[in-house]
Every structure is written in structure tokens, then in C-alpha cells.
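Features reported for this protein in TrEMBL:
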type	residues	note
ACT_SITE	His325	active site, tele-AMP-histidine intermediate
BINDING	Gln110, Phe299, Leu300, Gln301, Asp302, Gln303	ATP binding site
DOMAIN	19-343	domain 'RNA 3'-terminal phosphate cyclase'
DOMAIN	190-290	domain 'RNA 3'-terminal phosphate cyclase insert'
Amino acid sequence: MEMEMEMESSAVEIDGSVMEGGGQILRVSAALSCITGSSINISKVRAGRSTPGLRPQHLSGLQLVSDLCSGSLQGAAIGSTDISLTPGKIQSGNHTADTETAGSVCLLLQVALPCALYSDASSQLILKGGTNAEMAPQIDYTVKVFKPMVERFGVHFDCDIRMRGYYPKGGGEVMVTVNPVKELQPVVMTERGNITKIYGRAFVAGVLPYKLAKDMSAAAVRTIRKEIKELYINIPALQEKEKACGNGNGIIIIAESSTGCVFAGSALGKKGVYVDKIGIEAAEMLLRNIRHNGCVDEFLQDQLIIFMALAKGTSRIRTGAVTLHTQTAIHIAEQLTQAKFTITKSEDELSSDDTFIIECEGSGAVNKHL
């Protein structure tokens, strides 16, 4: 019994309502708990949200991590605001997570991928839910932007999109194969270079007419043309038939730079919203994310924090304005690892008012199972 008490007191206490106060705190802390072997207690989960506590999305993510690290999970129920995770040994092999809603498979991957890197062999993750969902990266973002950028840290994974799924039913499925690493490399990305390529996809799925995809694409191209005149912009309009479950429409536009930086803007169709507006929204998001001359967009910015924290050595990434999501991820990463972050304003001639450098002395997490 004595021993048991000992373990209890050494758990790291995480306040789930601090700063951004959303599901991201759960994802970063659960993944780092799994990798570092520290138990965590998270209180006030999503306290400020309109539906506080765990949603199906977060619950399936936590169950996936617990499954990955043979852990024990307390408080794992819909609406729960207090949870604790005691991790065990990280297990390779097959793991399945199903949000049973349109909850994002991309957010499931965000929490599971770092854990799978520290396993003894490759892992297959079968993730079910929404592939193109609101308030989350679209699967196309994960494959075209997130993947090449995390590969710089030495992360290698394959993503097979077996079925796309849309709000409200979901029904999508991706299979992700992750290879383990001994340790992650630090990444320095401070030179953006010029934008050399802009491309993307505008899609309709289910019963929606093809014309919507063409109109979204055309509106996006018109908007980008106002600012970037010299590049060929290739955003094909696609009608998804076979591998799509449910009805949906949306667009993602990707820009690549001469130094290999990748940025994106995206939007999903909503009931009663004119499709031109969807195309324009995605285009404006992309333009906003390349104006500041940083090397990552606002979404990748916070997703890279966990990798910077785990890497062995010093990473430096040039970015636009530092988001609350990023500050939150840094706060949690510093609580659970020895990583030290500093954010400084970038002062060179290419900088705008909101160009920053995020620097991290990584904790150098070593995979002891390899």
C-alpha cells in the first residue's frame, strides 16, 4: 500500500483549463506521459467549452494512447473533467481507435504518432471518424503539410486513406504505419525563400453537384491572383465517389517555398454558406500564412512543439505570430519534459511586425525499447 501512495504523489498535475484550455492539452500531455513514463492527473478538462469535459473525440484519443502504452486510465468517460493516466510499456503492433462520430482522425493521429515513435517496432494505427472535419486539420493537410515537415525530425509514417468521412456521420478510415526512432533530430527552419508552387484540391462528395467544387476552386484562384500574380495555380475540382462516406465539400490550397517550407489554407462547406465564400476563406487563410515570411503556418506551429521538445539538440523555427495553441503546447511540454523554449522577435529585413523565432533546447528523449 505504501508503494501505491508513493506512485500517486509523483503524478504530474495538469490544469486542463489553462491558456487555450482545449483538447490540445489532453493530446500533448497524454503523449508526453506515454513517452516519458510519468503519470499525469488532468483536472478541469475543457472547463471553458460550451460542452465541458471529454467529448467522443478526446475519449477515443486517450483510449488509443492508453492502449499504445498499456496504461491505466481513470475518469475516461464522456463529460468527465478529471482524468489520470498511468503509462506502462509502449506496444508496437496494431491499434484501432474509432470516434464513432465525425471526430477527427487527424487529431487521433496527433496524439498517437509521437507515442508510436518510441515503440520497439513499427505500429499500424487504424483511425476511424472524420477525415475532413471542422476545427481540425483535414487529412490532406496531414499528408501534404504535416508529414513532410515532421520528416525533418526523423519521423517516418505512411498514411493510407481508405475512406473519407464527413460531418455529421464520419465513417472515414485511415491506416497509418509508423516506424520507431532511436531519437529525434533537431530542426532548424529559418529561411523561407520564395513561394515556388501553389496547388490543392477542391472536392464535393456524396450528393453535392460537381459545379460547387469548380466554383470553390475558381474563387480561390481569383483571390490568390490579386496578391500573387506570377505563379501557375493548380487546384483541380474533384467529385469523390468511391472512397467517400456521406456528403461534404471543401478545399485545401498548399504553397511550397524554394527551401521546402509548406503552408496551407483550407475551408469546409457549411449549410447555407455560398461556395465562393469557402474558396475565398481558404485562399485568404493561405495568404495570411505566407505574408509573415515565417517557415510554418499557424497550424503546424503548435503541432511541431512536441517534436521540438523531444528532439536531441536545439531546434529553431521561424514563424508568424505565436498562437495561444502554441503557447499552451510549450507550457505543457516544459511541464512534462526537460525541454526549454524561448520565443524572440525576428529582426531581419524580411521580417514583418509579427515574425518570431521559436527556439527549443530539446530534452533528447531516447527510445529505450530499440
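Keep in mind that glycine also has a Cβ here, set from the backbone N, Cα and C atoms.
Note that the coordinates shown come from a computational prediction; the quantities given were computed from them, not determined experimentally.
Listed in sequence order, the residues of the same chain lying 6 or more apart from Gln301 (ATP binding site) and placing their CB within less than 8 Å of its CB are Ile317, Thr319, Gly320, Val322, Thr323, His325, Thr326, Ile358.
Fewest other C-beta atoms within 10 angstroms, among the binding-site residues Gln110, Gln303, are seen around Gln110. Residues belonging to the domain 'RNA 3'-terminal phosphate cyclase insert' (190-290) score a mean pLDDT of 96 in the model. Residue counts for the domain 'RNA 3'-terminal phosphate cyclase insert' (190-290) under DSSP (helix as H, G, I; strand as E, B; rest coil) come to 34 helix, 36 strand, 31 coil. Across the residues annotated as binding ATP (Gln110, Phe299, Leu300, Gln301, Asp302, Gln303), the widest Cα-Cα separation comes to 13 Å. Taking the centroid of the Cβ atoms of Gln110, Phe299, Leu300, Gln301, Asp302, Gln303 as the ATP site, the other same-chain residues with Cβ within 8 Å of it are Pro137, Phe146, Val296, Glu298, Leu304, Ile305, His325, Thr326. The least crowded of the recorded positions Leu300, Asp302, His325, judged by other CB atoms within 10 A of its own CB, is His325. Counting every protein chain shown, the number of other Cβ atoms lying within 10 Å of the Cβ of Phe299 (ATP binding site) is 21.
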